[in-house]
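**Q** To start, I am sharing the structure in question, which I have written as structure tokens.
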Amino acid sequence: MRPSCFQRSVSVVCMLMTLLVCAHSAAAAESFAKKPAKYVFLFIGDGMGLPQKQATEAFTGRQLVLDSFPVHGITTTPAANRFIVDSAAAATAMSTGQLTDVGMIGMAPDKTKVKTIAEMAREKGMKVGIVSSVSIDHATPAAFYAHEESRNLYHYIDHALASSGFDYFAGGGIKDPAGKRKGVEPRGNAMDAIKNAGYKVVTDRDEFLKLNRKDGKVFAYNSWLQDSGALPYAMDSRPGKDITLAEFTAKGIDLLDNSKGFFMMVEGGKIDWACHANDAKAAIMDTVAFDEAVAEAVRFYKKHPDETLIVVTGDHECGGMTLGFAGTAYESDFDVLKKQYVSFQYFADDVLKLFKKEHQGSLAFNDLKPTITHYFGLQFAGDHADPMYVQPHELAQLQDAFVKSVAGDSMKLNDPVSVNLYGGYDPLIVTITHLLNNKAGLAWTSFSHTAVPVGTTAVGRGADLFGGSYHQTAIAKKIMTAMGVKPHVYVAAN
Ligand SMILES: [Zn+2]
């Protein structure tokens, strides 16, 4: 069948559109090659989807700095081999532009090592900083300096950090300096290798605050690593004692600022961990801490608006958080969350464990009620109309979870009921945060990631490239364009 006049004109319009887009991107590439973004920030909120951002804004009553940017994009996240991505494949997509399989770090599915934007920046003579609130060898930061087929090969990743030549690593610690984990052949102590490579290793807060450009390459991590080598949850952080993500970011800007520019990746890694555990307050407060780190970059951007690019995104949503719950219908009450004073992790490690030890042999839920009221604000007596009052059906859920917690039932991952209800976490703590979150009008569908698209925002030189809808691999390519690097996949040297 011959094409109609209408079809012909549609295809001509399409061709013209394609030519226009190509001409536009070629012109953009040329313009950035002449005048690239000199200072490039990529902020990754791990597990930070649109619900996490909206919950934080509803709780704090103000817009996040990262959402005040002029350019907004929608970013899809599927991996090469799975619809729902993990942090390794997501970070590899964003660091290299390469779509890959879950678990892989800086590699294509066929195990080809792919060069990262951080490595490209270094080759251009820019300084490079990698900052994270979780261990600095965790999947997201690792995907900017390491190339391994599994994110779990921490020992090799730690050695890759030592030989990266990057200028600033900061936030959490390293997980396997000695090579003690399964599946690795020890290659010598990685912390020694880091020091031998010329890094000044700093954990003391006062010493950290005094660091200056004369100190050379730096690896700084907080003295208290709460879980798996990570910074404490922002809500558990001890003011004046722990170094915040914003302070690590501000110090990075100080140390990296130079005439050839810099690239800095900053990850808010525990938004994700809080969402895995379905603890909305911990996720919200870590999103606030992440936003405060973004604000440090904005302060720098204001001094160099024509040369600075700031991109903020999430690597995937986590927990299937949603803003609305069957039990509260159209109502929301975010003030409920103000009564929670510690994260689920702090409650598990520092409160519940102690309670179980002290009450060994005569563990009764009634004895724990005042502690739950103290840390989470849930009321077991008084006004039944108080939003914090634990209704009879909620009390039954808590008592049931308490029995399972005492029996250690969280470990029963082969029991589908237990998996759906508690996701492998302590049954009592998950039930407490679920009840509290539900009272706020928040709910969860998963203890894992979801494939819900995330939001990407940008400001500064090259920000316009980040409007529209695209897969997260495009983030790396857009940053390459803005940095004046040819946006295609490079094979890494080592
Ligand atoms: Zn995760």
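Here, residue 1 is simply the first one shown, and the rest follow in order.
From the backbone N, Cα and C atoms, a Cβ is placed for every residue, glycine too.
TrEMBL: automatically predicted annotations, no manual curation.
Below, the features straight out of TrEMBL:
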ACT_SITE  Ser87  active site, phosphoserine intermediate
BINDING   Asp46, His138, Thr140, Glu267  Mg(2+) binding site
BINDING   Asp46, Asp272, His276, Asp315, His316, His449  Zn(2+) binding site
SIGNAL    1-28  signal peptide
**Q** Other residues near the Zn(2+) site, CB within 8 A of the CB centroid of Asp46, Asp272, His276, Asp315, His316, His449?
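**A** The answer, listed by sequence position, is Gly47, Met48, Asp86, Ser87, Ala90, Ile271, Cys275, Gly314, Glu317, Cys318.
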**Q** Are there residues of the same chain, six or more positions away from Thr140 (Mg(2+) binding site), whose CB falls under 8 angstroms from its CB, and which are they?
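**A** Listed in sequence order, they are Ile44, Asp46, Ser87, Ala90, Ala91, Ser132, Val134, Glu267, Gly269, Asp315.
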**Q** Report the same-chain neighbours of His138 (Mg(2+) binding site): residues 6+ apart in sequence with Cβ closer than 8 Å to its Cβ, ordered by sequence.
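**A** Sequence-distant Cβ neighbours: Ser87, Ser132, Arg151, Gly172, Lys175, Ser228, Gly229, Ala230, Gly269.
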**Q** Near ligand 1, which of the binding-site residues His138, Thr140, Asp315, His316 have CB less than 6 Å from any of its atoms?
**A** none
**Q** I want to check the contact list for His276 (Zn(2+) binding site): same chain, sequence separation of six or more, C-beta distance under 8 angstroms. What comes out?
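**A** Looking at Cβ-Cβ distances below 8 Å from His276 (Zn(2+) binding site), excluding near sequence neighbours, one finds Gly47, Cys318, Gly319, Gly423, Phe447, Ser448.
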**Q** Could you find out if DSSP has His449 (Zn(2+) binding site) as helix, strand or coil?
**A** strand
**Q** Given a separation of at least six residues and a C-beta threshold under 8 Å, show me what packs close to His316 (Zn(2+) binding site) in the same chain.
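**A** Gly47, Gly49, Thr77, Ile84, Val85, Asp86, Ser87, Ala90, His449, Thr450, Ala451, Val454 - these are the non-local Cβ neighbours of His316 (Zn(2+) binding site), listed in sequence order.
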**Q** With every protein chain in view, how many other Cβ atoms are within 10 Å of the Cβ of Glu267 (Mg(2+) binding site)?
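**A** So the Cβ neighbour count for Glu267 (Mg(2+) binding site) comes to 31.
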